[in-house]
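Annotation source TrEMBL lists transmembrane segment at 24-44, 64-84, 91-109, 121-143, 155-176, 188-212, 245-266, 278-302, 314-332, 338-361, 373-394, 450-470.
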Amino acid sequence: MNNEKCSSLDKEPIASYRTYKKRWLVLCVVAVLNLSGGMVWITFTPVAYKAVAFYETDLGTINWLALLFNVCGIVFGVVATYELERFGLRPALYLSAGLTFVGAALRIASVAEDLNSTEKLVVLFAGQALVAVGQPFSMYAPAKTAAVWFPEDERAIANTIGAVANPIGVVLAGLISPLFVDYNSGDFYVLNLLITMACPAALGALMTLLIVTSGEPSIPPSAGGKKTPEYFGHGLKKLFKNKNYIILLLTVGAGIGLYGTFATLLEQLLCPFGYTDTMAGICSAVLTGFGVVGAAIVGVYCDRTKQFSSSIKFCYIAVTIGTIVFSCVFHINIGYLILIVVGGCGLFSFGIYPIGVELAVECTYPVGVATSSGLIMISGQLQSIILVLVLQLIGRPMSAEEVIKYDSQCHQSQNAESATTTAEYSTSSVANLLTTGADGGGDVTYDLSLSIYVCTAYMGLMALTLLLFFRPKYLRMEAERSNDLNSDSSESMKNFLAT
């Protein structure tokens, strides 16, 4: 009888999990692809007024270079989510790498001297669109990568690393783009800028080819990584019936949207009040640098304590307070002290997305991780589009007297007459504004004070929603513990019967 029982137990699958060193290389590929996409996304945002002059267009058109990523993220986000769930990481990363590289290379052609201004914009937007289409396939991949490659005690930090790579790309663009403006001569070296921004895309494509030979390990790292997710359509229905997930969809999406809005409009917020493009780029770097440090701290803390809910609520409160302080002082030129305010605002801002995604996976398990995380990203991109368009719309044209009073740097040394690969500027812009006035067809500078107040109020509303109504259950961790207990019980029984 004992022999029969032993034989029966031998046929039962005993959980066997393993971690591979290659997991860090796969995560590195995801990070580089997201970083390169972030650099392409915000290439012209730190030098928006300079790009207006070179491409002989308007500020709204330049802003659409960034908004295009949000639009494509919404349109192709569902496709990327389905692809990740149905076919896995490998084809998704190959698509992202290929489109990002080709699009970044195509943008370089937009500076060709034999193209007129309209043709240059068409080529630029075509390249930008290709990168934007490819981005969801890597942007939605961190949660999937963490789930299938990493054990339970590393998932939060892995998700954080993959997620913050995109903002790091944004900060690099903020630091690098102003370097291609010579403020002494007035030259804007657009060709060199676009080549520089294409280099990380080329690196990402090469790394993808060499490293991503499989979408998942042959042996999963945990029970959660082994679990087969539900059918895509059924998963969607479950998500929209889950109250906690709906709250995360709104609030975490708002955090993503507000970051995208700040990344798009930061230069336009600061330059009217005496801050240079370079200073705006430094502010973006400090915002992201402190955000990455804070996200790493929160990610490690959550991996060790599993206090996801309290952590995201703390992050939201901290960011809301920081945004309030920023809204009170950004219109006062306080020099480098603004970096303290921006750093404090960013310290815990980046922890919201990766921890929010982990919470979404926990409270919706066994719905696929790409589905739950992808919809949150789509929500963030949709909110970012709405916010940028609304905040840009409610911006107030400044009078000539205000431009002089606040020492506006928006049109400093700008002259849009050059049609070569550099844009030359002169100090005639202020005189032009004085002559024509804010509404007279000259170089218009916009005061976005009301816009930042609206952002602050929106952030506060989302924080209250999260604090008052979010009460999650950690379904994935409960399932993993149950699986481990059952496995231990089966192993103990087998050993007992064998003796």
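The first residue you see is number 1, and the count goes up from there.
Every residue gets a Cβ built from N, Cα and C, even glycine.
If you count C-beta pairs under 8 angstroms between the transmembrane segment (121-143) and each of 64-84, 155-176, 373-394, the highest count goes to 64-84. Pairs of Cβ atoms less than 8 Å apart link the transmembrane segment (64-84) most often to 373-394, out of 314-332, 338-361, 373-394, 450-470. The stretch in 314-332, 338-361, 373-394, 450-470 that contributes the largest number of Cβ pairs under 8 Å to the transmembrane segment (278-302) is 338-361. Here the listed stretches are 155-176, 188-212, 450-470, and the one with the most C-beta pairs under 8 angstroms to the transmembrane segment (314-332) is 450-470. The stretch in closest packing with the transmembrane segment (188-212), judged by the count of Cβ pairs under 8 Å and taken from 24-44, 155-176, 245-266, 338-361, 373-394, is 24-44. Panel annotation: around the transmembrane segment (338-361), residues 142-143, 146-147, 155-156, 159-160, 162-164, 167, 245, 248-249, 251-252, 255-256, 259, 270, 275, 279, 282-283, 286-295, 297-299, 302, 308-309, 311-312, 314-316, 318-319, 322-323, 325-326, 329-330, 369, 372-373, 376, 380, 472, 476 of the same chain, lying at least six beyond its termini, place a Cβ under 8 Å from a Cβ of the stretch. Note on the transmembrane segment (245-266): residues 41-42, 45-46, 63, 66-67, 70, 167, 170, 174, 239, 280, 283-284, 287, 312, 316, 319, 323, 349-350, 352-353, 356-357, 359-360, 363-364, 372, 375-384, 386-388, 391-392, 448, 451, 455, 458-459, 462-463, 465-466, 469-470 of its chain, located 6 or more positions outside it, place their CB under 8 angstroms from a CB of the stretch.
Panel annotation: around the transmembrane segment (155-176), residues 23, 27, 30-43, 45-46, 139, 141-143, 145-147, 149, 193, 196-197, 200, 224, 259, 263, 266, 280-285, 287-289, 291-292, 295-296, 298-300, 302-303, 308, 350-351, 353-355, 357-358 of the same chain, lying at least six beyond its termini, place a Cβ under 8 Å from a Cβ of the stretch.
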